[in-house]
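**Student:** Below: one structure in structure tokens.
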Amino acid sequence: MSKLGVVSWGAYIPRYRVRTEEVSRIWGDDPLRIVDMYLVDEKSVEGIDEDAVTIAVEAARRAIRRGGIDPRKIGAVYVGTESKPYAVKPISSILIDALGLTNNVFAVDMEFACKAGSDGLVAAIGLVEAGRVEYGMTVGTDTSQGEPGEHLEYSASSGGVALIVGKDGVAAELEAMYAFVSDTPDFWRREGSPYPMHGEGFTGEPAYFRHVIGAAKGLMEKYGYKPSDFTYVVFHQPNGRFPVRAASMLNIPLDKVKPGIVVTHIGNTYNASALMGFAKVLDIAKPGDKILLVPFGSGAGSNAFVFTVTDVVKDRQKMGVPTVEEMLQDKILVDYAQYLKMRKMIKLFE
């Protein structure tokens with residue numbers, strides 16, 4: 001029986017960073033209190049010529065290069081984002097031409113807050129498993145924004161991750177997946193509103209923890225896994241505290257979670273958040289390692305996946321594609337004024 005799973009991965013993090021203390025300086029907040037509250041030292045900021053599309057293209061190109069895959073063999077492209085440059089125009093169709101795919105591709109932009117990219121992973125897995133396409137790709141990409149002066153501004157950031165699914169040359173074999181979803185009003189943005197709103201008390205227990213724990217625990221109970229079975233565990237990372245607490249609630253040792261933590265250095269990249277942690281782990285994983293991946297999306301829902309790393313990962317790690325750790329270290333600090341300019345938050349005229 002052929003394997004099914006992640007054949008290749010690629011990530012992109014913009015080089016620019018704004019530090020938490022710089023944002024807090026502008027708004028008169030205590031930087032030590034803010035850093036302690038969110039465990040976010042700095043966050044990534046897209047360049048003046050970057051958006052969710054360019055970030056997706058770069059992440060996808062890196063995934064294709066790492067896997068040595070003929071892009072014409074990719075038969076499905078899914079994009080998960082909350083940051084579409086166009087209100088009505090898909091990113092997925094742009095990727096088809098930018099990446100050199102054929103026109104006979106299933107292409108869809110997906111929406112479910114920060115877990116839409118992982119929903120694309122589910123869809124790609126289904127098409128590949130059914131034999132409808134040879135390879136499927138999902139991309140989680142965002143240039144997330146928070147209202148200036150509001151606490152979401154300390155974490156909302158930019159980045160993208162692409163995963164290619166197939167049966168040939170699998171680097172991380174899929175073993176199981178599970179979902180937990182409910183109608184929970186923890187986070188939303190109405191049509192025409194420039195910035196999202198969040199339901200304060202709904203964001204923790206009723207939303208993130210209920211769904212992340214529900215998906216992870218449900219998967220483990222259904223398929224007979226124990227915390228000790230996993231080498232690495234990666235959760236969605238809206239801040240630095242939530243994934244650590246989720247691990248504690250599941251009796252998962254912190255040393256299994258820390259290698260996949262990226263939020264401290266780049267903030268919450270939304271659809272790329274959990275996938276970025278997953279990519280970071282794949283950059284260092286060894287054959288036989290088992291990974292539990294649990295993305296989360298407000299509204300609310302969580303997907304859970306278990307992958308086992310294969311011998312192929314060693315070749316993928318040698319392809320000269322930038323690692324997540326390398327991108328975390330390759331940075332240029334900007335001040336708050338530059339940050340506003342890059343994020344196009346200064347309106348010169350309407």
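Cβ from N, Cα, C; glycine included.
According to Swiss-Prot:
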type     : residues                                                      : note
BINDING  : ASP30, CYS114, SER155, THR203, HIS236, ARG245, ASN268, SER298 : (3S)-3-hydroxy-3-methylglutaryl-CoA binding site
ACT_SITE : GLU82                                                         : active site, proton donor/acceptor
ACT_SITE : CYS114                                                        : active site, acyl-thioester intermediate
ACT_SITE : HIS236                                                        : active site, proton donor/acceptor
BINDING  : ARG241                                                        : CoA binding site
**Student:** Counting every protein chain present, what is the number of Cβ atoms, excluding its own, within 10 Å of the Cβ of HIS236 ((3S)-3-hydroxy-3-methylglutaryl-CoA binding site)?
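**Tutor:** Taking every protein chain into account, the count is 30.
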**Student:** Would you identify which of the recorded positions ASP30, GLU82 has the most other C-beta atoms lying within 10 angstroms of its C-beta?
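**Tutor:** The residue with the densest Cβ neighbourhood is GLU82.
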**Student:** Below 8 Å Cβ to Cβ and six or more residues apart, same chain only. Which residues does that give for CYS114 ((3S)-3-hydroxy-3-methylglutaryl-CoA binding site)?
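**Tutor:** Correct list: GLU82, ASP142, HIS236, PRO238, ASN268, TYR270, ASN271, SER273, ALA274, PRO295, PHE296, GLY297, SER298.
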**Student:** Cα-Cα, whole number of Å: ASP30 ((3S)-3-hydroxy-3-methylglutaryl-CoA binding site) versus the residue listed as 'CoA binding site'?
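**Tutor:** Cα-Cα, rounded: 18 Å.
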**Student:** Around the C-beta of SER155 ((3S)-3-hydroxy-3-methylglutaryl-CoA binding site), how many further C-beta atoms are within 10 angstroms, looking at every protein chain?
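**Tutor:** Around the Cβ of SER155 ((3S)-3-hydroxy-3-methylglutaryl-CoA binding site), 25 other Cβ atoms lie within 10 Å.
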**Student:** What three-state class does DSSP give ARG245 ((3S)-3-hydroxy-3-methylglutaryl-CoA binding site)?
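**Tutor:** In the DSSP reduction, ARG245 ((3S)-3-hydroxy-3-methylglutaryl-CoA binding site) maps to helix.
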**Student:** Using a 10 Å radius around each Cβ and all protein chains in view, which of these binding-site residues has the most neighbours: ASN268, SER298?
**Tutor:** ASN268
**Student:** For the C-alpha pair, I'd like the distance in angstrom between ARG241 (CoA binding site) and SER155 ((3S)-3-hydroxy-3-methylglutaryl-CoA binding site), rounded off.
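**Tutor:** ARG241 (CoA binding site) and SER155 ((3S)-3-hydroxy-3-methylglutaryl-CoA binding site) have their Cα atoms 12 Å apart.
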**Student:** Hey, does DSSP put ASN268 ((3S)-3-hydroxy-3-methylglutaryl-CoA binding site) in a helix, a strand, or just coil?
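**Tutor:** Its secondary structure by DSSP: strand.
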**Student:** CB neighbours of ARG241 (CoA binding site) within 10 A?
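**Tutor:** Other Cβ atoms within 10 Å of ARG241 (CoA binding site): 16.
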**Student:** As a test of the contact definition, list every same-chain residue at least 6 positions from ARG245 ((3S)-3-hydroxy-3-methylglutaryl-CoA binding site) whose Cβ is closer than 8 Å to its Cβ.
**Tutor:** PHE209
**Student:** Reduce the DSSP letter at CYS114 ((3S)-3-hydroxy-3-methylglutaryl-CoA binding site) to three states and note it down.
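**Tutor:** Looking at the DSSP assignment, CYS114 ((3S)-3-hydroxy-3-methylglutaryl-CoA binding site) belongs to a strand.
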